[in-house]
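Feature annotations, reproduced from TrEMBL:
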type: COMPBIAS; residues: 1-19; note: compositional bias 'Basic and acidic residues'
type: COMPBIAS; residues: 40-63; note: compositional bias 'Polar residues'
type: COMPBIAS; residues: 88-109; note: compositional bias 'Polar residues'
type: DOMAIN; residues: 152-531; note: domain 'Amino acid transporter transmembrane'
type: REGION; residues: 1-63; note: region 'Disordered'
type: REGION; residues: 87-109; note: region 'Disordered'
type: TRANSMEM; residues: 182-201; note: transmembrane segment
type: TRANSMEM; residues: 222-247; note: transmembrane segment
type: TRANSMEM; residues: 267-287; note: transmembrane segment
type: TRANSMEM; residues: 294-316; note: transmembrane segment
type: TRANSMEM; residues: 336-357; note: transmembrane segment
type: TRANSMEM; residues: 369-393; note: transmembrane segment
type: TRANSMEM; residues: 413-437; note: transmembrane segment
type: TRANSMEM; residues: 449-470; note: transmembrane segment
type: TRANSMEM; residues: 476-498; note: transmembrane segment
type: TRANSMEM; residues: 510-532; note: transmembrane segment
Amino acid sequence: MAGMKMDEDYGVADRRIEVETDDEENQAERVCDSDDYDTESNSTVPSRNPSSTCVDSHSPSWPQSFRQSMDMLTSATPPSINFLRGSPSATSVYKRSQPSMSDQSSLTKPLISATSLDKDEVPTSTLSTKLSSTANSRFFSNCELPPPQQCSYAQSVLNAINVLCGIGILTTPYALKEGGWLSLSLLFVLAIITCYTGILLKHCLDSSPGLHTYPDIGQAAFGVTGRIFVAAILYMELYSSCVEYLIMMSDNLSTLFPYVHLDFAGIHLNSYQICAITSALVILPTVWLRDLSLLSYVSVGGVVTLALVVLCLLWVGVVDQIGFHPSGTAFNLAQVPVTIGLFGFCYGGHSVFPNIYSSTKDKSRFPSILLISFALSWFLYTGVAIFGYLMFGDSIKSQFTLNMPTKFVASKVAAWTVVVAPLTKYALTLTPVALSLEELLPSAQAKSYGVSLLIRTILLISTLVVALTVPYFGSVMALIGSLLVMLVTLILPCACYLSILHGRLTKFKIAVCIFTIAVGVVCSIVGTYSALASIADKRA
């Protein structure tokens, strides 16, 4: 989401992060009147009044843990930590619980009231076809959900910036080298388009009070199939992000310790391989945690971490006298697909935007929040791309930290910063994937501590295998940006917007969405082909 961001968001304080499924949440907080339920349950289309009806949740759609698990990417909570085994919260994903009487008042308030919907709100009749086929799905239930902690305008802006400005910034000088100086215009154009599609997601969420997450939007637009498809794409993006974290850590550690190697029983391990295995072993205990409050609390300094790396780059260029040396081509058409994938990856925060929107106190200002966040992110990405390329020229690597001379203190600080940051981020990114897999297990196995631990361990090992097999940070990022991020940021928002609000859109809006989808499809195809070809060439 820039899916894979360096650190978590600010401003959602005092919330304990124990992941629960949406089904459990709904069961614990069901406060609808039984008479109302009996009256309305025979209807194929739930009432748009959040307090008037509850839809049967005996057959909820996968994934039910998405909303709570993604909240971890937008939360800053006091440290509270428990290991998977022996933790009283370890089985909270599957246990049925009841809210205390003191909490009832807060739980009975709807997340989005009927009176707060904007002009794009869709009449119930326009959703009847979609809902009739999924009437038993929990997410369309208008029963009250606990409102998320509200954030101020400034906090929401910081949250969005923290999501957008992630590890993609390390590759912007390399992307500029690949595409040439004129390719900076692509960075600007993509910022405008992805900001626009982020606003489209806001309109989709406002179309019905039952929509809270990206998969919810997918189901509203295309039924259960749409929900599963959107969720699968988002989980693939999260998994790919974990692979990139391991590659990034290994690359920078092997730069700090270039002469480390191991020869044992005919097996030779070079510096990169040893660093990758070591990184995985260090990360493993954090993956076994079920309550990730401490990790979320530690990793809220994403903007600070990012600023530190950028300052180290400028320090090496100015104070340590690396200097700035104009070079490069104006435009390299053959490598533009790689540049598109890398630049597209930078703006992949759409999977978290619904959570930020839900936590924003004044939701009417969400478009301006996105505008400010994308503008600042574009400015930062452009600045780093220009300075990094001027400093290292055509020798720039896929991460500019790999070009910074290790003899300088600032270079070592930058390298260690990008090594330490994923130690907290990795588990937070992998947990939603693990929880989604646990949902697919039988109830007895899903409650097992050992099964949960085994799933997380296998996922970690699999990301390590991929990182060792395809240790090409830039090419893998270009592949993620082209194949997954283009879907999440360009194609799906427009497709869902057209499907949900098609009866209320002008011809101009429809044309803009169709054009955006076409751009996304073309960029995805050419970018994916180019990235796969690059990986194949490097492995040849």
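Please read every residue number as a count from 1 along the shown chain.
Just so you know, glycine gets a Cβ as well, placed from its N, Cα and C.
Automatic, uncurated: that is what TrEMBL annotation is.
Long-range contacts of the transmembrane segment (267-287) within the same chain, counting only residues at least 6 positions beyond its ends with a Cβ under 8 Å from a Cβ of the stretch, are 246-247, 249-251, 253-254, 257-261, 295, 419, 422-424, 426-427, 430, 456-457, 459-461, 463-464, 467-468, 471. Touching of the transmembrane segment (369-393) and the transmembrane segment (336-357) is concluded from the presence of at least three CB pairs under 8 A, sequence neighbours closer than 6 excluded. Remark: the transmembrane segment (449-470) makes no contact with the transmembrane segment (182-201), by the rule of 3 or more CB pairs under 8 A.
The highest tally of CB pairs under 8 A with the transmembrane segment (413-437), across 182-201, 222-247, 510-532, is held by 222-247.
Scored on C-beta pairs under 8 angstroms, the neighbour of the transmembrane segment (182-201) with the top count among 222-247, 336-357, 476-498 is 336-357.
Between the transmembrane segment (222-247) and the transmembrane segment (510-532) there are fewer than 3 Cβ pairs closer than 8 Å, counting only pairs 6 or more residues apart in sequence, which means the two stretches are not in contact.
Beyond its flanks by at least six residues, the transmembrane segment (476-498) meets 1-4, 168, 171, 193-194, 197-198, 200-201, 203-204, 214, 217-218, 220-222, 226, 230, 233-234, 236-237, 240-241, 243-244, 247, 337-338, 340-348, 350-351, 398, 470, 505, 510, 513-514, 516-517, 519-521, 523-524, 526-528, 530-532, 534-535 of its own chain at Cβ-Cβ distances under 8 Å.
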